[in-house]
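Engineer: Sharing the features that Swiss-Prot gives for it:
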type: BINDING; residues: Gly13, Ala14, Ser15, Gly16, Arg17, Met18, Gly103, Ile104, Thr105, Ser127, Pro128, Asn129, Met130; note: NAD(+) binding site
type: ACT_SITE; residues: His160; note: active site, proton donor/acceptor
type: BINDING; residues: His161, Gly170, Thr171; note: (S)-2,3,4,5-tetrahydrodipicolinate binding site
type: ACT_SITE; residues: Lys164; note: active site, proton donor
Amino acid sequence: MSQPSKTQIALIGASGRMGRAIVSVLSTSVKSTLSSSVVSQSSVFLGMDSGLHSGIKQNGVNFSSDLEAAVRSADCVIDFSTHQNLDFTLKACIQYQKPVVIGITGLTELQKDALQVASKEIGIVYSPNMSIGVNLLFKLTEIAAKVMGEISDIEIQDIHHRHKKDAPSGTAEKLKSILLETLGRTSKNVVHGRHGILKERDSKEIGIHTFRAGEVIGDHTVYFFTPEERIEITHKAQDRKTFAVGSVHAAEFLVGRKPGLYDMFAVLGL
């Protein structure tokens, strides 16, 4: 009996940290394979073997800047490039009717609107964090907020490596959104850090605290404080592959799906 063909995945932003992790994960996947690895036209890695660049054996998939060709030949696209590239990715995916996983964090509201529009024509998975564990963190935070939110002081802690440019992280922003929606609060209830002489803490306040130091892959904690006890819900990423595994899982989920904007809750059935 012949083996089923593997899902062909085009990876955009393939030379970065996440790109290298996804190349590595795809090298051992039984369901999917890397069909193209796309980098910018100015990349010093153009023409290099993406497997060797990712610290694994040669895979024969060299870095290219031909986005359209990569999308055209793929079953699904994973994009971990930059904000500036998002419009080009969406345009190509719509043109060739290919689903896409968007792993770019810190999107503007206009870019999120663009995802909504594009999702009327193609399947899209967008999540600020592709980790299976982090999405469980999201769900547990929602549950805790329903049970303890109105009797607790709530704080979010976001720790990442010193190279990360956006703050708070997309994951911290998602945690904030979950809390606000669950508790019926607004952005006016959110405080980013604290300094100086302040008034006493408002009972509906949600604090967000950002650390950028060392080489931390990503730690997030949501705290629920009451006078009698404290709940801490923490996720710590120990290997960047956790995000890569989730991204590949999301791509496999999308193949054959009808157009729409999906999140990791849909992918994981949460």
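Counting starts with 1 at the first residue shown.
For all residues, glycine too, the Cβ spot is worked out from N, Cα and C.
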Engineer: Relative to the Cα of Pro128 (NAD(+) binding site), which of the recorded positions His160, His161, Gly170, Thr171 have a Cα no more than 10 Å away?
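Structural biologist: Of His160, His161, Gly170, Thr171, within range: Gly170, Thr171.
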Engineer: So if I draw a 10 Å sphere around the Cβ of Pro128 (NAD(+) binding site), how many other Cβ atoms end up inside it?
Structural biologist: 22
Engineer: Sequence gap of 6 or more, Cβ distance under 8 Å: name the residues on the same chain that satisfy this around Thr105 (NAD(+) binding site), in order along the sequence.
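Structural biologist: Residues satisfying the criterion: Pro128, Asp166, Ser169, Gly170.
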Engineer: Have a look at the recorded positions His160, His161, Thr171 and say which one has the shortest Cα distance to Met130 (NAD(+) binding site).
Structural biologist: Thr171
Engineer: According to DSSP, which of helix, strand or coil covers His160 (active site, proton donor/acceptor)?
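Structural biologist: Strand, per DSSP.
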Engineer: Tell me the Cβ contacts of His161 ((S)-2,3,4,5-tetrahydrodipicolinate binding site) under 8 Å, same chain only and six or more apart in sequence, or just say none.
Structural biologist: Arg212, Ala213, Gly214, Glu215, Val216, Ile217
